[in-house]
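Remarks on the structure that follows.
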């Protein structure tokens, strides 16, 4: 690296960190999740405004590989945290309703997204048509678990019944969406097909070998004098290094197999121990999230924004954007709402659930980035889908406020009693003539 490249990199990174922080704070003051402002910062730096002049000045072409490497590291850490926070114990007491809401809010958008993909394929499919259809369906079906959790905390819904159902449903959504994306990667043929055959071996190794080793790492070591080695109530620097090293190796393994490295990061987080001692998970995720959200994810948003150019969006592109928004919002909302009503959740609470399940946020951008890197979609459709992710995330706050106006605020809608089943119609005895 030349001195000029280093100076350009540091200047651009400092600028985007400041802009991302500023717009994230502005979004929060407007009642929006900070990710809305941070994503908007990435779009503002991209070629949509000023014809790309700002992007070329802050991040010249020879500097962008360094920015991409930083963004990929942030993506690895983010996906690890997503996998680690995936807690199926949330299903206890909410299993039937959460499973129904999750399944319907995945299947209906998947179906509608697939139909939309058939309409868009001639213009936007860059490779396998089957992979394109599956990918667009999966992209429509995702719910952003981190953004959803932040909204629940900000609105006070986190400890309510609606919040519990939404979190459990979003956890199942994540599993289904990433499983669908894995199928897309296989169909798209991301790498050597023979290496993809090693995926079951890798999965078994993670579950049967790596998971017990990680549990033992945080359980401590016992000898004749008692517990020695690792501290049982605090995560040490050595333990954290082992976790980060294992995370990078897991990401490397899935990338080598021809899948994307995000799968390795997600699965490594999923097999991490959660209950070896109280506070284990927050100690790890808080340390990693701090640097990830403040430094690495802003770089990822810039890399995403550099791929989006809406300045040449004509009437046809606007029409496609309208179709994408209609499909995304209708599929998620209708699927979640109908499933909730079938399970006797009252109408107002069903509307809150459907609105929450419509948030896509950063998870959607990650999936879109995978599709772009695997050449399943092109740059134009990528830009339209990024706008959809931004709009569906930003609309959650105002919709929740609107739903809560009649009931003293959205928090008042959090707890409810299931509606009694409709009585069966009485059979009137036939009168004899």
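Residue numbers in this text run from 1 along the chain shown.
Glycine is treated like the rest: Cβ placed from N, Cα and C.
As annotated by TrEMBL, transmembrane segment applies to 6-23 (among others).
What TrEMBL records for 20-402 is domain 'Cation/H+ exchanger transmembrane'.
Within the chain, the transmembrane segment (35-55) has long-range Cβ neighbours (under 8 A, six or more residues past its boundaries) at 16, 19-20, 22-28, 144, 146-147, 150, 297-298, 300-311, 361-362, 365, 386, 389-390, 393-394. As annotated by TrEMBL, transmembrane segment applies to 35-55 (among others).
Annotation comment: TrEMBL describes 67-86 (among others) as transmembrane segment. Within its own chain, the transmembrane segment (67-86) is flanked in space by residues 9, 12-13, 59, 145-146, 149, 171, 174-175, 247-248, 251, 261-262, 265-270, 272, 274, 281, 284-285, 288-289, 291-292, 295-297, 299-300, 302-303, 362-363, 366, 369, which lie at least six positions past its ends and keep a Cβ under 8 Å from the stretch.
Among the features that TrEMBL reports, transmembrane segment is placed at 98-118 (among others).
Marked as transmembrane segment by TrEMBL: 130-153 (among others).
For the transmembrane segment (165-188), the list of distant contacts is 82, 86-88, 90-91, 94-95, 97-99, 101-103, 105-106, 110, 127-128, 130-131, 134-135, 137-138, 141-145, 148-149, 152, 157-158, 196, 258-260, 263, 266, 336, 340, 345, 353, 356-357, 363, 367, 370-371, 374-376: same-chain residues at least six beyond its ends, Cβ to Cβ under 8 Å. For 165-188 (among others), the entry in TrEMBL reads transmembrane segment.
Positions annotated as transmembrane segment by TrEMBL: 194-214 (among others). Here the transmembrane segment (194-214) has long-range neighbours at 186, 243, 246, 250, 253-254, 256-259, 267-268, 271-273, meaning same-chain residues at least 6 beyond its ends whose C-beta is under 8 angstroms from one of its own.
Here TrEMBL flags 240-270 (among others) as transmembrane segment. Beyond the ends of the transmembrane segment (240-270), by six or more residues, the same chain brings 72, 75-86, 178, 182, 185-186, 189-193, 195-196, 198-199, 202-203, 206, 210, 214, 217, 284, 287-288, 366, 370, 373-374 to within a C-beta distance below 8 angstroms of the stretch.
Sequence-distant contacts of the transmembrane segment (290-309), counting only residues of its own chain at least 6 positions beyond either end whose CB sits under 8 Å from a CB of the stretch, comprise 12-13, 16-17, 20-21, 38-39, 41-48, 52, 55, 59, 64, 67-68, 70-75, 77-78, 81, 362, 365, 368-369, 372, 379, 382-383, 386-387. The transmembrane segment feature in TrEMBL is assigned to 290-309 (among others).
Positions annotated as transmembrane segment by TrEMBL: 321-340 (among others).
Listed as Cβ neighbours of the transmembrane segment (381-403) (distance under 8 Å, sequence separation of 6 or more from its ends, same chain) are residues 31-33, 35-36, 39-40, 43, 120, 124, 139, 144, 147, 151, 155, 304, 307-310, 313, 317, 320-321, 324-325, 328-329, 332, 348, 351-352, 355-356, 358-361, 364-365, 368, 371-372, 410, 413. As annotated by TrEMBL, transmembrane segment applies to 381-403 (among others).
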